[in-house]
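Under the heading ATP binding site, TrEMBL lists 54. The annotation compositional bias 'Basic and acidic residues' is assigned in TrEMBL to 341-359. The feature domain 'Protein kinase' is assigned by TrEMBL to 25-284. The region 'Disordered' annotation in TrEMBL covers 307-372.
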């Protein structure tokens, strides 16, 4: 479908449309548009409540809205506060599919670039790091990888809902289930996987066309957190078509190139951030990341710098911070591998067990007790 054809079927500003369930929504404004469709602010006519709708053309060959719905319903099942609640869903005949959800505020990319020096204060960066890590662990717990972790996919809530200190995870168009269809085992990685993500934040695995795993979402998170803290990443000048150059620089980090490490960790709590990155480089596709260890490193940086939980964040400097700080889960998917699995699954389980043991041996060298 061409963009002009898509514009015909998607909603227009001030349009009022009726869903099959009898709900009327009025379009207030377009919030964003991409290959998937568009997001709008709307007013629900019966109560005047401002909400967001995400639409995709009914003619789209690749349906991504269902993935958003699956993720948000899964998050609702574990009572997460970091995902938008689904209020409604509908099909507007011959035009578009849509989901109606909570309306949120600015994303963390916009909040950072509004700053004079293009970076958050360290206190704010660490608080945002904590909440976005909680989002990732919860996403993994319900069985999904995000595969496009970046600042634009995290946003704060609205002050009128008293959620402007809560970070929400957004946009699951590139998400993928990492469990098998029976939801009882991890997928065997493909030998080659198409690139998914955003070059600036993509993990090495994605850059090399390897299958992504849970640790890769956290690697992308680490690049995002460093950018929040320092204001820029060493490869910021390279665009998406210079992926090989960016891959080379990320490989230098993994290889412990000292000049690259110095540039990467500028303005950052280097000891704690480097522990996280070394840990992520020490584990593999099959490992369940130690989310508690990663959060511990962030908390250690907060304590080392004398920050208190109530210290205000940059986007609300006049009020004590009240955002969530944990605890964090262990990332174990909701359905675990059962005893007495069939032969094929038993083989996979053995691979996973061996991989975990290898990872555990490496992790011991980076244990929290040694972070002093």
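Cβ coordinates are placed from backbone N, Cα and C, and glycine is handled just like the others.
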Are there residues of the same chain, six or more positions away from residue 54 (ATP binding site), whose CB falls under 8 angstroms from its CB, and which are they? 36, 37, 38, 39, 65, 68, 98, 99, 101
Check the domain 'Protein kinase' (25-284) for me and report the mean pLDDT. 96
So, three-state DSSP: helix, strand or coil for the residue listed as 'ATP binding site'? strand
